[in-house]
Amino acid sequence: DRQTLVAVLQFLRRSNLRESEEILRREARLLGDDLGGNVATVATSSPGVAAVAAVPPGKGEARGDCGVGLSSRRKPGKRGARVLLAASGALPVVVGGAVAVGGAVLVEDQPDVSAVLSAYNQQGDPTLYEEYYSGLKHFIECSLDCHRAELSQLFYPLFVHMYLELVYNQHESEAKSFFERFHGDQECYYQDDLRVLSSLTKKEHMKGNETMLDFRTSKFVLRISRDSYQLLKRHLQEKQNNQIWNIVQEHLYIDIFDGMPRSKQQIDAMVGSLAGEAKREANKAKVFFGLLKEPEFDVPLDDEDEEGENEEGKPKKKKPKKDNVGSKSKKQDPNAPPQNRIPLPELKDSDKLDKVMNMKEAARRVRLGPECLPSICFYTFLNAYQGLTAVDITDDSSMIVGGFADSTVRVWSVTPKKLRSVKTAADLSLIDKESDDVLERIMDEKTASELKILYGHSGPVYGTSFSPDRNYLLSCSEDGTVRLWSLQTFTCLVGYKGHNYPVWDTQFSPYGYYFVSGGHDRVARLWATDHYQPLRIFAGHLADVTCTRFHPNSNYIATGSADRTIRLWDVLNGNCVRIFTGHKGPIHSLAFSPNGRFLATGATDGRVLLWDIGHGLMVGELKGHTDTVYALRFSRDGEILASGSMDNTVRLWDAVKAFEDLETDDFTTATGHINLPENSQDLLLGTYMTKSTPVVHLHFTRRNLLLAAGAYSSQ
């Protein structure tokens, strides 16, 4: 290894890194002849420094029989690292994101974009790239079936990186022929990415391309069993195939697990996102998915009774008692977050009144199931030439809002009660504030109408959300703002400016006060209505955040993205606690089950995937839709999942059956060997066609009637 050492010293001198050279010389002198094979490199955080730590024998053995934990993160000074690795004959394996060298653990630093492209500045022979790739392809295709499926995951990331390397080094004709020869071998769900890639034919194109930078800055994650990995390592060592080695070392993160290799079906279910699968570490954090205890309060029954008929008084009196029983059982929910984990707004009197109404409605709720499917009421927007882009319905199903491409927000009353604004200040001063019906008197009858139009946005409105107390409405738009509207005065109260680009979705917390927004700038933001700056910024997605959802306990937020992943974020500290991969297209709908344990997601691939939040596992796949799934909603008790799609259908699925007898043992959780039921048709309870109306929103009323909405399209 003396030659290696000399080579590194020369490299350091050429790069004017005198200090590093001195340190290395001193280290080498200390260890004398004890250098044999035990030199491991460390990518330090300062650009251009490849410090080399010599490790005493036996500590960080970097010999050919064991992968050295190395995370050289695309720094200009990484060539020294490469020489050493090649010499020690080991493929780098990063376990859990930290690198252990001689007992010390080094956490890898974030890449800086300027250094990203220079990683391609390699001097491989461009004419041999096709040979390298086809050699590896031949090896994988001839390996045993059990390893072939796992190793085939290498094709796509290697193809992309080798192509980009050729382009970056200006071997344009070789790059073109490489692309044409091998792009047909890639899995069908990467077609969109390959289309973008095929347009990058010159070094200049690579500079400003986002997709290209994503691929660079995030390591592509492959989950492979130890046996398959050893097989690959041996092959690459025998063939001395350094070009492929370097890419594996530089751009891939191989997450190794012990146990049986996964089957083709198991791998296909989980892959497809922009950066490969999620690292297993990403889904290990504890998530409090239980529900918060319902607040206990005495219900002023007598006042209520005057309004309702007498016989209705009986269930009313029973209900609060039942609620207290309910809260006792909820006390024991071991998975619920502490009640004060995040500050939640206190209940106002009107909220308590609403809860009472809710309980009364719940008493008359229809128990749904395979034998008792819900009635579906479809609200069709006719002549919506403005282009309907978003819909929401209040929790009590009294109002419906549409966001339109002509930048208007339109609110309709769905009940006979018309929408009224509050009177002017001059008129309000004349009202007797002590009277019983003061809330009625402040409303101006002259303003009563079925429809109110809200003007303010300067671009299409992509998301709308009513507050739980029905006093406010949120809308987000292509103009980069989120607006808060008063439903008392039907005017805009606040414009929240934080996103620089279109905002695709926004949603109120189930407790009000907080809301979330997600947009083209790839981040989701958490806001409070009384702060004009976001409270949290959730960054991590590699493409637009297309949809957002609060967990029923308001401690977590789920975001779906065009990078084909779903992430779960902790509101308390802003950490990402779950990453779910498996969809083959951008995510457009999310729904939590009422008990908070499960998440359903829908995407442009027409599949609905079901996830166990606690274990961080995919537990189901519902196939049936033939186009983007834009709407998902669980019934009030969680027995039925409704999905609505651009294919003009609403489908009902048996959620109870989908979630029973789940295999979530430790082995499955540890390795991701998921066993999805073969036939999701068993879970399909019904399909309901519209004439020509894509379904953009679904909502279960408090009594479990299903409301659907969409705009009729004439084509």
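Cβ coordinates are placed from backbone N, Cα and C, and glycine is handled just like the others.
Keep in mind that TrEMBL annotations are predicted by a computer and have not been checked by a curator.
According to TrEMBL:
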TRANSMEM  83-107  transmembrane segment
DOMAIN    124-252  domain 'TFIID subunit TAF5 NTD2'
REGION    299-351  region 'Disordered'
COMPBIAS  299-310  compositional bias 'Acidic residues'
COMPBIAS  322-333  compositional bias 'Basic and acidic residues'
REPEAT    381-422  repeat 'WD'
REPEAT    454-489  repeat 'WD'
REPEAT    496-527  repeat 'WD'
REPEAT    538-579  repeat 'WD'
REPEAT    580-613  repeat 'WD'
REPEAT    622-654  repeat 'WD'
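If you look at the repeat 'WD' (381-422), the same-chain residues 6 or more away from its ends with a CB under 8 A from one of its CBs are 354, 357-358, 428, 442-445, 447-466, 468, 470, 473, 475, 477, 479, 485, 487-490, 696-697, 699, 701-702, 705, 707, 709-712. By the Cβ criterion (distance under 8 Å, sequence gap of 6 or more), the repeat 'WD' (580-613) is counted as touching the repeat 'WD' (622-654), at least 3 such pairs being found. Residues 344-345, 459, 462-469, 472, 474-484, 533-539, 541-550, 552, 554, 557, 559, 561, 569, 571, 574 of the same chain sit 6 or more residues outside the repeat 'WD' (496-527) yet have a Cβ under 8 Å from a Cβ within it. In the repeat 'WD' (622-654), the DSSP tally of helix, strand and coil residues is 0 helix, 19 strand, 14 coil.
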